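What follows is a single structure, written as structure tokens, with notes after it.
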Amino acid sequence: MGPRATTICSLFFLLWVLAEPAENSDFYLPGDYLLGGLFSLHANMKGIVHLNFLQVPMCKEYEVKVIGYNLMQDMRFSVEEINNDSSLLPGVLLGYEMVDVCYVSNNVQPVLYFLAHEDNLLPIQEDYSDYVSRVVAVIGPDNSESVMTVANFLSLFLLPQITYSAISDELRDKVRFPALLRTTPSADHHIEAMVQLMLHFRWNWIIVLVSSDTYGRDNGQLLGERLARRDICIAFQETLPTLQPNQNMTSEERQRLVTIVDKLQQSTARVVVVFSPDLTLYDFFNEVLRQNFTGAVWIASESWAIDPVLHNLTELRHTGTFLGITIQSVPIPGFSEFRERDSQAGPPPLGKTSQRSTCNQECDNCLNATLSFNTILRLSGERVVYSVYSAVYAVAHALHSLLGCDHSTCTKRVVYPWQLLEEIWKVNFTLLDHQIFFDPQGDMALHLEIVQWQWDRSQNPFQSVASYHPLQRQLKNIQDISWHTINNTIPVSMCSKRCQSGQKKKPVGIHVCCFECIDCLPGTFLNHTEDEYECQACPSNEWSYQSETSCFKRQLAFLEWHEAPTIAVALLAALGFLSTLAILVIFWRHFQTPMVRSAGGPMCFLMLTLLLVAYMVVPVYVGPPKVSTCLCRQALFPLCFTICISCIAVRSFQIICAFKMASRFPRAYSYWVRYQGPYVSMAFITVLKMVIVVIGMLATGLNPTTRTDPDDPKIMIVSCNPNYRNSLLFNTSLDLLLSVVGFSFANMGKELPTNYNEAKFITLSMTFYFTSSISLCTFMSAYSGVLVTIVDLLVTVLNLLAISLGYFGPKCYMILFYPERNTPAYFNSVIQGYTMTRD
């Protein structure tokens, strides 16, 4: 025996204990093809009491559920409208048989009844492909747990089942439920609409209340997972106590409600999401009213979002703003009149029996209860009824296709459940300006709406304030909401206020929504899209002020021609160049005179030429550094300057040799003269300087670099050498040594003849260079700002002037103004006088 047969046998006994109470015309209408309807006409909570007894609960023992009865009336209206339509199913009469499923175990008996034959027998067969059940399709039930129970039976027969309000995502599994479809969006869309509502109003600190049944647990878990991905935190989540059937609330359950409302009072969260059947909420909201809890935003799940009985607790208006997620409102022409006409007709007569009846087809108080809520049902826009309406029409259109109907006739024949199911999957038609079709998961893409509860009798009690489109997964058409706050301000529900621009979050506690706001320091910025908890450092060429979300390009600082210090130094350099050029011309014209020859002769022209080149290198200090300008700064100028100083040092040594060492060390002096000692020395010094320059360039490179101005971080100083201070000491070490040597030899020759006594001029030049270089290094060790470049250039020009004017200036002065002292006779007399004095 297969698993299907085993399942059927285990429940076969129930088919023989079916009661036959009085028939009510609301529940049964004969026809060529019957639709089964499962509606909750009485309110009862899931419990365990009736599961201990082998009997079906009697729904009439519980309170009437107005919405359920209203939905049942809509199915009656839909079938009647289809039967009156001469084009949809011409010549075919559609009937129905509906059952009240107020309790979880009530679903088993009706589904077996729907599957059985007219004689209440359900045969055990190996193949049900050609089996014809009592009904061709089932509409309902309303909640996910009951739908799964029914679907597990109907799926064995592939009997079409269309639910109108069950939203569980489990129902999308077509492997488990191949015959199940629904005319309402899934829980995924309901939760997404809630989350987008919270995001729109920037609520990130909420409270979640759930019922203890599967509906509450599953939706609470789904909401928690969705909120975690959107950085919305749950302050706390509580489970509402669930009453057992026909039982009063116990003291423990009462205390539980008191504790929950106390936590609501103490919490800083002001948005409360409630997933629960409506009956559980009556005692809860009464406790809320008793403790005078106000100022909340209540977000209702679809199970109670448009419940007229809860809305009838008018004092709830003082507890805050009520928003609910529900199906879109689609007015059905004529339905309100149909319901009111049916209510005015009064209850059906009792005592009428029928062998077709099953149990729980009674609702003596439904008409009176519906009549008392008729106004609110009419004003609310008949929301969920369209889901039932479209479900019935989907079956009718499938029958239209299956029976080969045209505008006048249909071919009546046996309809097998699996055939009708295939046609239902294919339906695609327009109903009241809405396209009706099922996606691959069996869902219908109807819009959801956010409704606000209103208690003004002249207004819709469930006023639409926004709409959610499942296909776009987007909240649209958000309208103004009447907030129950001072000055109608939007309620704030945040653990921590939103940080201002440029502030990072410092977590406080375990919730990501609770944090402190700390300003980002200068030089850092906050990238909200990457990390809200750490400020990122700006790139090296950018900067930011405090509390910034982006960095800006640092201003590049270098010497520019329009700046006053640059102009002043350029004028000094021009003066030095012109004066050096003039000295060169004077020396050229008086090349054969003793004054020029005593100053060094050809060596003077080498020095003057190098000085002119050094002056011409000065402009490379101005403007943005480049590889070529850096090469001139680090190689050409130091080399020129070193050769000049080496010439002075060698010239001083040569004079000392001529007057003091020639007589003492004649052999050494002869070698010095024979092998061109001055030029060999200068060549050696030049090569040594070139080695120093090459080593410096290899160590630091020629590419321009930038460094931050210590006085103003938004400025980047562009320079040729990142370690200019260290490289300056390295490059000038030889020059400083030569200046000391030149100074020493000049000091040794202070007793020489006047025309050869250059001690005071060399001392002036070398002392100035030595002092300025040491001062520059000292200045750079204490300061590294933008003034370094201009001070370096100024010292460079002054050192050049010290040689040009300090060393060559006095000689030009003697040549021009004392020509009588620039004769061989005068020089010889001076030398003879020096010799006689030494003797």
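Placed from the backbone N, Cα and C atoms, the Cβ positions cover glycine too.
Keep in mind that what you see is a predicted model, and the values were worked out from it rather than measured.
Both PRO594 and GLY806 belong to one identically named topological domain in Swiss-Prot, hence to the same side of the membrane. Within the same chain, the residues at least 6 positions away from ASN527 (N-linked glycosylation site) whose Cβ sits under 8 Å from its Cβ are GLN536, THR549, listed in sequence order.
Each of the glycosylation sites ASN84, ASN292, ASN428, ASN487 was scored by how many other Cβ atoms lie within 10 Å of its Cβ, and the smallest score goes to ASN487. Here the transmembrane segment (603-623) has Cβ contacts under 8 Å with residues 558-561, 566, 569-570, 573, 576-577, 580-581, 583-584, 587-588, 596, 629, 632-633, 636-637, 640-641, 643-644, 647-648, 650-651, 678, 682, 789, 792-793, 796-797, 800, 803-804, 808 of the same chain, all six or more residues outside its ends. Sequence-distant contacts of the topological domain 'Cytoplasmic' (588-602) (same chain, six or more residues past either end, CB-CB distance under 8 Å): 647, 651, 755-756, 808, 811, 814-815, 821-824, 826-827.
Over the topological domain 'Extracellular' (624-635) the predicted model carries a mean pLDDT of 82. Checked against ASN487 (N-linked glycosylation site) by C-alpha proximity, the glycosylation sites ASN84, ASN292, ASN428 yield ASN292 as the nearest.
If you compare Cα positions, ASN292 (N-linked glycosylation site) sits closest to ASN312 out of the glycosylation sites ASN84, ASN312, ASN428.
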